[in-house]
Every structure is written in structure tokens, then in C-alpha cells.
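**Q** Below is the structure I would like to discuss, written out as C-alpha cells.
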Amino acid sequence: MENDMEEKFEDWKGKEAIPGKHGGIRAASIVCVVVMMENIVFIANGFNFVKYFMGSMHYTPATAANMVTNFMGTSFLLTLFGGFIADSFVTHFTTFIVFCCIELMGLILLTFQAHNPKLLPEKDKTPSTLQSAILFTGLYAMAIGTGGLKASLPSHGGDQIDRRNPRLISRFFDWLYFSICSGCLLAVTVVLWIEEKKGWIWSFNISVGILATALCIFTVGLPFYRFKRPNGSPLKKIAIVIISAARNRNKSDLDEEMMRGLISIYKNNSHNKLKWIDKATLNKNISETEVEETRTFLGLLPIFGSTIVMSCCVAQLSTFSAQQGMLMNKKLFHSFEIPVPSLTAIPLIFMLLSIPLYEFFGKKISSGNNNRSSSFNLKRIGLGLALSSVSMAVSAIVEAKRKHEVVHNNFRISVLWLVFQYLMLSVSDMLTLGGMLEFFYREAPSNMKSISTALGWCSTALGFFLSTTLVEVTNAVTGRLGHQWLGGEDLNKTRLELFYVLLCVLNTLNLLNYIFWAKRY
């Protein structure tokens with residue numbers, strides 16, 4: 001929405017924000033640093049939890065894997081809750097402070113349990129009720145906190161940028177994603193190396209220190225930030241508009257004068273989208289602004305829905321791709337053996353190098369196009385979806401090659417073969433998630449920035465859950481045909497390559513669906 005450029009911002013004292021003193025690059029840079037630190041904590045613990053659940057809490061591998069997947073998915077899904085709080089009741093700054101404290105308390109609780117042998121199960125025993133209660137309380141306190149942080153930080157950073165400068169907003173979101181990738185890289189290299197040398201418990205210790213430092217850094221920036229005060233629940237307003245439009249669906253059309261008024265006020269928006277919403281203006285208590293905001297938000301949902309399958313493909317990096325790596329030759333030299341999680345570092349390094357190049361060439365490509373917020377980012381997302389289809393095809397070829405060499409030649413191919421799928425999926429994620437964060441922020445109504453940017457993270461969550469469901473459905477269907485594609489514990493006896501082909505087909509169909517909605521937007 002472009003009609004939000006006249007928004008009023010305040011400083012931390014409640015006075016009108018002063019350009020040059022409040023907001024700007026300095027304030028947005030603080031947000032990028034905090035995003036990097038938050039992502040170090042989230043990713044490092046995502047890798048650490050599997051070892052912790054299996055080694056210290058004595059859960060089975062399958063249970064531990066599901067616990068991690070559920071934690072990751074829930075964390076991303078709760079960004080909608082965090083976004084709702086930020087847009088409806090308090091500022092993005094306050095949302096961050098509250099949810100960061102919640103995550104920090106959950107992390108401290110898990111660290112305390114890890115250091116206290118009495119709160120851990122004895123050898124070869126499962127956790128007691130008390131031990132499980134402490135574990136899940138700390139775990140999902142972290143998930144709640146993560147949801148609030150990931151929802152509030154991009155919007156808070158975007159609010160620091162002058163919206164009359166679309167290029168600067170685009171640059172901010174490019175470097176925001178650079179910060180996310182930097183956090184991932186540090187997590188899978190430095191933190192993982194310390195964990196391998198010093199033990200998994202160090203991951204908790206480091207995470208507490210980093211998150212506490214991030215909280216302090218973010219708070220120190222208070223005098224430099226500018227804030228937009230929320231004015232009630234936007235979701236409630238949307239519900240009222242939809243209900244009113246439904247009740248008035250059989251009434252006469254809006255008169256020509258009112259329609260002209262709508263078009264003149266929102267001439268930058270496509271008034272032909274969701275015209276049935278206009279019926280809501282027959283209710284005198286509903287403003288034309290509320291109708292247009294509802295139309296805008298509902299128009300984002302098909303784009304959001306079209307990215308979930310791609311997120312399902314990305315989820316394979318932490319599931320089957322990791323299992324493939326365990327069965328491959330991990331030695332790079334005679335004595336050096338690369339940990340499978342560290343394979344992620346290779347595409348991350350490439351992405352960190354490619355983001356500045358992407359920003360440069362993207363700016364050249366979009367020069368003279370003032371509508372980068374929609375058409376440019378829609379093309380960026382579409383390219384990411386297309387690349388994920390290619391990555392699944394490559395994954396199928398690599399798995400077929402790996403299994404053929406093991407079964408017929410008793411030879412384990414190098415783990416570096418996985419770099420191709422890691423690389424393409426990571427670049428696909430950069431294009432899609434990075435594009436979604438900017439697209440949803442730029443296009444969202446002014447009072448729904450956090451909820452709308454949370455849609456990008458929510459897509460990732462639903463992708464994780466869809467992956468779990470798809471595996472179960474695939475096994476159920478193929479089991480009836482005689483042999484489960486993904487059944488059993490021996491990956492060499494599965495048909496993982498066919499599952500990758502299935503994902504390739506589904507994602508290609510999803511790409512066609514996305515193109516349909518993107519053209520209509």
C-alpha cells in the first residue's frame with residue numbers, strides 16, 4: 001500500500017520523530033546485528049537439540065527428530081501470534097523486549113537442566129514427568145520467544161526507513177537476509193566446532209550469552225528508533241469487513257459516485273480484485289480505508305499459499321539430506337572429516353557473496369521501475385520456486401547415484417555430492433524468503449506490517465509440517481502397493497529418489513499455480 005507514507009512516527013518519549021535523529025540507516029543497522037545474533041541462537045540450538053534429546057534425555061532417534069521438527073515448525077508458526085501482538089497492542093520494540101525475555105528464560109531453564117544431573121534421566125531410562133515438564137516448558141518458551149522476535153524485528157527495521165525511498169527499503173531487506181545468513185553460517189561453523197570440541201552443553205552456554213547480549217544491544221538503540229503506535233486489532237477489523245460484505249452480498253451494487261470515490265482514493269491499487277468486498281461499504285460504520293486494507297491483505301494470501309510446497313523442499317535439508325550425508329564418505333583429506341551439518345556452510349558462503357551481487361544487478365535490472373515492491377519481488381519469488389524444482393530433480397539424481405554405488409560397488413561416494421542440492425535449495429530459499437519478507441512488508445496495510453511479514457516465516461513452518469504429512473501419506477499409499485518408499489531405518493533400502501521426484505512434480509505444479517496468482521496480483 002502506498003497510502004501509508006504519511007504515517008506518524010514517535011520517538012521513545014512519545015514526541016513526534018525527527019528525521020535524521022530518529023530512524024534511518026543507523027537504527028536499521030542495529031536491527032540487522034540483532035537479527036544475526038538471534039539467528040545464531042536459533043540455528044545452533046536446532047542442530048544441538050537432536051544430540052541433546054538423544055544423548056542426555058534418552059529419546060529415540062525418531063522421537064528426537066520429530067521433537068526438533070515440531071519445535072522449528074512451531075517457532076515459525078508462532079510468528080503470526082507475535083505479529084498480531086505487535087500490530088494490535090504494543091510497538092514492535094516492546095514486542096521484541098517481551099518475547100526476547102521469554103526466549104531467554106526458556107533458554108536459561110534448559111541450560112539449568114542440562115547442568116543439573118538430578119534433572120536429567122538416569123542412563124537407559126526415559127525422562128520422568130518432572131524432567132519432561134521442565135524440558136518442554138523451556139523448549140516451547142523458546143519457541144514462543146522466537147516467534148515474537150522473528151515477527152517484530154523485520155517490521156521494526158523497516159519502520160526505520162523512509163518509505164518514500166523504495167530503493168533504501170529494498171536494500172534494507174537484502175541486508176536483513178544477509179544478516180540471517182551470517183547468523184546461520186556462524187552457527188554451523190563456529191558454534192558447531194566449539195560444540196564438537198567442548199561438548200554439546202557449550203551450545204546452551206553460548207546461546208544464553210549471545211541472546212542476552214542481543215537484548216542489551218537492541219535496548220541501547222532506544223534513543224535512535226522511531227515507533228508507530230498500534231490502533232487496535234487489524235484482524236478484528238478485517239473480520240468485520242468480511243462479515244459485512246457477506247451480509248450485503250444480495251443488496252444492490254454500490255452507486256457510481258461511491259465507486260468513483262473508491263477508485264480516486266486508491267488509484268494505485270487494482271480495484272478489480274475481490275470486488276465483492278466493496279459491499280461492506282454499505283455499512284456506514286465501515287470506512288473505505290478499512291475495505292481497501294482488507295482487500296490488500298486478502299490479496300497477499302494466494303502468494304503466501306503458493307510458497308508452502310517450496311518450504312517443504314527446503315525442509316529436506318534437515319531430514320533426508322542429513323541422513324544421506326551420514327552414509328557417504330565425509331573425508332575431504334586423509335585425516336579431516338567434515339561434519340554433515342557443516343555442509344550448510346558451503347551454500348551459505350556462496351549466498352553471502354551473492355547477496356551484494358544480487359543487490360547490484362537487481363538494482364540494474366529494476367532501474368526505472370518504481371513498482372519493485374510488487375512485480376520485481378514477485379519475479380524474484382517465482383525464480384526461487386523454479387530453482388527449488390530443479391534442486392529436487394538434482395537430489396533424485398544424486399540419491400540414485402549414491403545408492404547405485406553402495407549396492408552394486410560397495411563404494412561410498414563423497415559427501416560433497418550433496419553440495420549441489422544444498423546450494424540450489426539455499427539460493428532458492430534466499431530468493432523466495434527474502435522476496436517474501438520485502439514483498440509482504442511493502443504491500444501490507446500500514447497497520448499489519450508484522451502480521452504480513454510473519455507470513456514468510458509461517459510458510460516455512462507449514463512447509464515443515466507438510467513434509468512430515470507428505471512422508472506419512474507417501475508411506476501409507478506406497479505401502480498398500482507393496483513397498484513403502486520411505487519405510488525402515490536403512491536408507492539404502494528405501495526409494496528416496498522417487499520421493500524427491502514426487503517433490504519435484506508437486507513443486508512444478510505449485511509453480512504454475514503461483515504464476516497464475518502472481519499475474520492476477
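Note: Cβ is positioned from N, Cα and C throughout, glycine not excepted.
Below, the features straight out of Swiss-Prot:
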type	residues	note
TRANSMEM	30-50	transmembrane segment
TRANSMEM	65-85	transmembrane segment
TRANSMEM	89-109	transmembrane segment
TRANSMEM	133-153	transmembrane segment
TRANSMEM	172-192	transmembrane segment
TRANSMEM	204-224	transmembrane segment
TRANSMEM	297-317	transmembrane segment
TRANSMEM	338-358	transmembrane segment
TRANSMEM	381-401	transmembrane segment
TRANSMEM	413-433	transmembrane segment
TRANSMEM	451-471	transmembrane segment
TRANSMEM	498-518	transmembrane segment
**Q** Six or more residues beyond either end and a Cβ under 8 Å away: which residues meet both conditions relative to the transmembrane segment (498-518)?
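**A** Same-chain contacts beyond the flanks: 302-303, 306-307, 309-310, 312-313, 316, 320, 378, 381-382, 385-386, 388-389, 392-393, 395-396, 399, 470-471, 474, 485-486.
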**Q** For the transmembrane segment (381-401), give me same-chain residues lying six or more residues beyond its boundaries with a C-beta closer than 8 angstroms to one of its C-beta atoms, as numbers and ranges.
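**A** Here the qualifying positions are 303, 306-307, 310, 313-314, 316, 321, 324, 413, 417-418, 420-421, 424-425, 427-433, 435-436, 439, 496-498, 500-501, 503-504, 507-508, 510-511, 514-515, 518.
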**Q** Per the 3+ Cβ pairs under 8 Å rule, pairs at least 6 apart in sequence, do the transmembrane segment (65-85) and the transmembrane segment (204-224) touch?
**A** no
**Q** Taking 3+ C-beta pairs under 8 angstroms (sequence gap of 6 or more) as contact, is the transmembrane segment (133-153) in contact with the transmembrane segment (172-192)?
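**A** These two segments do not touch.
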**Q** Looking at 30-50, 89-109, 204-224, 338-358, 451-471, which one has the highest count of Cβ pairs under 8 angstroms to the transmembrane segment (172-192)?
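**A** Checked against 30-50, 89-109, 204-224, 338-358, 451-471; highest Cβ contact count belongs to 30-50.
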**Q** So, taking each listed stretch (89-109, 204-224, 413-433) in turn and counting its Cβ pairs to the transmembrane segment (338-358) that are under 8 angstroms, which one gives the highest count?
**A** 413-433
**Q** Determine which residues of the chain contact the transmembrane segment (451-471) at the Cβ level, with the cut-off under 8 Å and only residues 6 or more beyond its ends counted.
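**A** For the transmembrane segment (451-471), the list is 66, 69, 72-77, 79-80, 82-84, 86-87, 147, 150-151, 154-155, 158, 234-235, 297, 300, 304, 307-316, 319, 433, 436-437, 440-441, 443-445, 486, 499, 502-503.
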